[in-house]
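Trainee: Dropping the structure in here first, questions after.
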Amino acid sequence: MSSLEASKQSTFTTTGLVVGYALCSSLLAIINKYAITKFAYPALLTALQYLTSALGVWVLAKLGFLCHDAFTLQTAKKFLPAAFVFYLAIFTNTNLLKHANVDTFIVFRSLTPLLVAIADTAFRKQPCPSRLTFLSLFIILGGAVGYVLTDSGFTLTAYSWAFAYLVTITTEMVYIKHIVTNLGLNTWGFVLYNNLLSLMMAPFFWFITGEYSEIFSEMQSRTDDWFQFDAFVAVSASCVFGLLISFFGFAARRAISATAFTVTGVVNKFLTVAINVMIWDKHANMAGLVCLISTLVGGVLYQQSVTKSVNVPVTVNKPIGSDDEDEKQLLVEEKRDSTV
């Protein structure tokens, strides 16, 4: 295979992974909101998602459809901090969806590219984004601030979970990227370790949140009619999409930078917003939607700035100057990732 054909194949593979992640991420927010509406137990819902993903990887491996790294205690110890941060991000996300609408989740999710870009530069020693990139990220910030100021459904509980989610998802984005590029597991190995370790943490959160007592009380009050078909369908769909996004999420992290990965999650939310507005009334007012759209536009502008730098041909004689910070970042990450 020629270098040109290999390059095209790599591009198609990366594009497929990013598109797969974008579709799963777009639909999962709606599905999770519906699931938590029908099944109001965030810790148990996330545990069922982890169980489905871990069990799915194990079964598919036994059937010969995939190959994952063996589970070892030594690797699990190294991965445990990342799994803990991941669990907190999903846990705060689910509680945010329980207390707020999907639009609020999207706005706070949209803030992560700016924070991840700063964290990448400060903690992972990545080159600073260009001025154009920072401009697009601050457009996202402006839209988010505008949304908060116009949110008629503002509650202290909802925004407390929102800020907790923002902190944990930003930490998770940067730290998981570090683990992905240094631990050396294959994609399904990461999915298995992440979900199995998260599943082991679930009982601890059931007790500290008191959710276990709510579940027992609900089961006792519905001795003859505890099974609800609509809740079963919603939870099942949430679990299946949780498995899909586990694979596409980790695979996309390996293929692109942490900041580009977070922006992909922002841009695909256009579809989420459209579906959310069409299917029910659990969305922001018109002013809030305008601010929400502006945050997504900022995400598109950022993507354009990255795409422009990627399309610039690089030759041996061309130095990387101060105006090519994004190009330099891509070259540094490509060199580092090729050694994994």
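Placed from the backbone N, Cα and C atoms, the Cβ positions cover glycine too.
In case it helps, TrEMBL gives these features for our protein:
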type     : residues : note
DOMAIN   : 23-302   : domain 'Sugar phosphate transporter'
TRANSMEM : 12-35    : transmembrane segment
TRANSMEM : 47-67    : transmembrane segment
TRANSMEM : 79-98    : transmembrane segment
TRANSMEM : 132-150  : transmembrane segment
TRANSMEM : 156-176  : transmembrane segment
TRANSMEM : 188-209  : transmembrane segment
TRANSMEM : 229-251  : transmembrane segment
TRANSMEM : 258-280  : transmembrane segment
TRANSMEM : 286-302  : transmembrane segment
Trainee: So which of 47-67, 79-98, 156-176, 229-251, 286-302 is most in touch with the transmembrane segment (132-150), counting Cβ pairs under 8 Å?
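Mentor: Answer is 286-302, with the largest number of Cβ pairs below 8 Å.
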Trainee: For the domain 'Sugar phosphate transporter' (23-302), what's the mean pLDDT in this predicted model?
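Mentor: The predicted confidence over the domain 'Sugar phosphate transporter' (23-302), as a mean pLDDT, is 80.
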Trainee: The transmembrane segment (229-251) vs the transmembrane segment (12-35): three or more C-beta pairs under 8 Å (separation of 6 or more)?
Mentor: yes
Trainee: Sort out the residues at least 6 away from either end of the transmembrane segment (188-209), same chain, that have Cβ-Cβ distances under 8 Å to it, and list them.
Mentor: 43-44, 46-47, 49-51, 53-54, 57-58, 61, 66-69, 71, 75-76, 79-80, 82-84, 86-87, 90-91, 179-180, 243, 246-247, 250
Trainee: Pairs 6 or more apart in sequence, C-beta under 8 angstroms, 3 or more of them: is that satisfied by the transmembrane segment (12-35) and the transmembrane segment (79-98)?
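Mentor: They are in contact.
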